[in-house]
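Feature annotations, courtesy of TrEMBL:
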TRANSMEM  9-30  transmembrane segment
TRANSMEM  36-54  transmembrane segment
TRANSMEM  87-104  transmembrane segment
TRANSMEM  110-127  transmembrane segment
TRANSMEM  139-159  transmembrane segment
Amino acid sequence: MPVQRLKTIFVLNSTLVALAWATAMVVLPIVFADAAITPLAIVLAVYFFADIFVNTEIPNVRDIEDDAKNNVSTFPTVVGVKRTRHLLYLINMLSILVVIGAFLSGFLPALFSLVLLAGRVLAVFLNSRIGRSDDYRRLELLGEMNYVFVACGLFIAIFG
């Protein structure tokens, strides 16, 4: 039985990348601190998983031709660029609902919620450019800078 490359299995690569980074950012510090996993930690893990997943798919739009030639299964190669944009909107909206739900449930303070929601608004804006821009490197950079934006906002919320 031949071994399949991970990239040939639809969305597995993006899922594993997002899971690895969300785990490294949220779960590992909790484990090393020997602390309990709280609802806030789960909210942050879901938030970062969604954000990283979306940011992993943006370069896939730029690479659609090479990915198709190499039998790499990504949102753009399987469902097309327009549907990719719509699916990423959906993922962002679900992430927004998680943040709002966490705030309404009392797991997330108002200022933290606003910072996380601002990050999602930027992500939705970047999503809106998928299939409408030729400058995917800039979209990728801005997507990565979203973490800096959110981190600075959270830093100000904590220490400001």
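Quick reminder: no glycine exception, Cβ is built from N, Cα and C everywhere.
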When you check the transmembrane segment (110-127) against the transmembrane segment (36-54), do you get at least 3 Cβ pairs under 8 Å, counting only pairs 6 or more apart in sequence?
yes
Which of 9-30, 36-54, 87-104 has the most Cβ pairs closer than 8 Å to the transmembrane segment (139-159)?
36-54
